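Okay, structure first, notes after.
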Amino acid sequence: KNSPDDLWKRIRPRPTKNQYAGQYYICKDVDQGMECTYLGNCTFAYCQEEIDVWTLERKGTFCRDTLFGGSRKVNLTIPHLLQEHSGTFVFLCEKCFDHKPRMISQQSKENPFTCSHSVSKHTFEENKCLVHVFKDTIVKYWKIRPFNSQVVLDLCRHEVRYGCLREDECFYAHSLVELRVWVIQNETGISFEKIVQESQKYWANESSAHKPQLLNTQNNPECPNLNIKFVCGQCWRNGQIIEADKNRKYCSAKARHTWAKDRQVVLAMSSERSSGKNAKKWISIRPCPLRKPLPVQFELCHHIVTGKKCQFIGNCAFAHSQEEKEIWTYMKDLGIQDMDKLYETLKSKKTEGGKEMSSQAYKQIHLPTDYAETTVNFHCWLCGKNCNSERQWKMHISSEKHKERVFHSEDDQNIWQHRFPTGSLSVCKRFLSGSCPDGEKCRFAHGNAELQEWEERSKVLCQKLEKARKDQLISADDNDFGKYSFLINAFN
């Protein structure tokens, strides 16, 4: 209404599969006047009206189903919410959850009056809080605060970008799930106890609808015709093929490297290659791409096929060898998402008689209720990692992978339009004169727009660091942040 643009525009359903919580953006292809590369599957908006409607729908203040003659109220229920966000609702000990760093504990099975923390033993009923648990490649816990007249039915922009320092005192929702629960509570007045019951009932119905059924062995994908080893990544970089010791805690080399999920490498060798002229040539296998939907079949990278080195910056989604293609296909067919699960699956197939173990006779359909909740001493909400000792926790928060998560998020590619800052928060004089020979490698900003973004990026990184230090996700004496150190120090 009241717009100079009188064209009618199609508003597609709001994308919900990737749990995106940031600001919506226009598709770059459409913004440049071209047809979208991912037509039909693009999660970016095609017009401003689409952004406006998606934003209102996410707040819960607009429902397309009620536009023409339907009820004025947004008919949102807990089953509807779980269909959209998956996961489950549980009660956890709030004192443990709010502890710095975060700890996870349920109601104790031995003593239902206390939490399950091995030392603190908080009174559970007085300190319980509602939490939404989502488990995929990592585990995420979203605390749900009670709805009251002071809260605002909108997402907290600080929490989305770098983490809200006000925490429970903030009036805005700190997750999409919390926002949706508030909408439901505002409309129906449903209690937290009822929400947990509805969640349990929902997954009980889903579980009964997907009871394990015996697989047809003729359709069961066979293991690829490959020899496969799980070896120590540090030893592999030194040209050694070293497997784990019998307890799978360390590699069997003299160095005794820790046998961890992120430190092992999968090697494969086809039976044809092992008997031919390229005998005993092991090929490293990268983790199977997790992008969804998965392709009908994996293809070989065209760079590799032509005998060149892959030029893709990041994780190439095309296979880099025939062996990798076979293993990825095998993992896709069996629904295996990581290399640890692959190891367990292959291990279970190896019996003395060469037969499959009975555990492989059933098709597993994992529901949130399948995962037993365990008490852990520390939980990193950034990485979704549980640590059961202080030593393990300190190793985790000092790792490069963890620090990268502190400062980098998947949404960065949508927010930042210019180069990553390269050394100096000032505009390049040679660029202004029209002739900077250093190009992308120049230490100075190429224009005022880039400089403003660099300054904004510095502020955001400082906020992320402040939040991480408050949550004790960074050691107090740790000031080594690699490429991010320059930006953090720029305003200190």
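Keep in mind that glycine also has a Cβ here, set from the backbone N, Cα and C atoms.
Outside the zinc finger (155-177) by six or more residues, the chain places 19, 21-23, 58-59, 81, 85, 87, 98, 132, 142-145, 460, 463-464, 466-468, 470-471 with a CB less than 8 A from a CB of the stretch. The zinc finger annotation in TrEMBL covers 155-177 (among others).
Annotated domain 'C3H1-type' per TrEMBL: 155-177 (among others), in sequence order.
The zinc finger feature in TrEMBL is assigned to 295-323 (among others).
For the domain 'C3H1-type' (295-323), the model gives a mean pLDDT of 76. Residues or ranges marked as domain 'C3H1-type' in TrEMBL: 295-323 (among others).
TrEMBL lists 422-449 (among others) with the feature zinc finger. For the zinc finger (422-449), the DSSP-based tally of helix, strand and coil residues reads 9 helix, 2 strand, 17 coil.
Look at TrEMBL and you will find 422-449 (among others) tagged as domain 'C3H1-type'.
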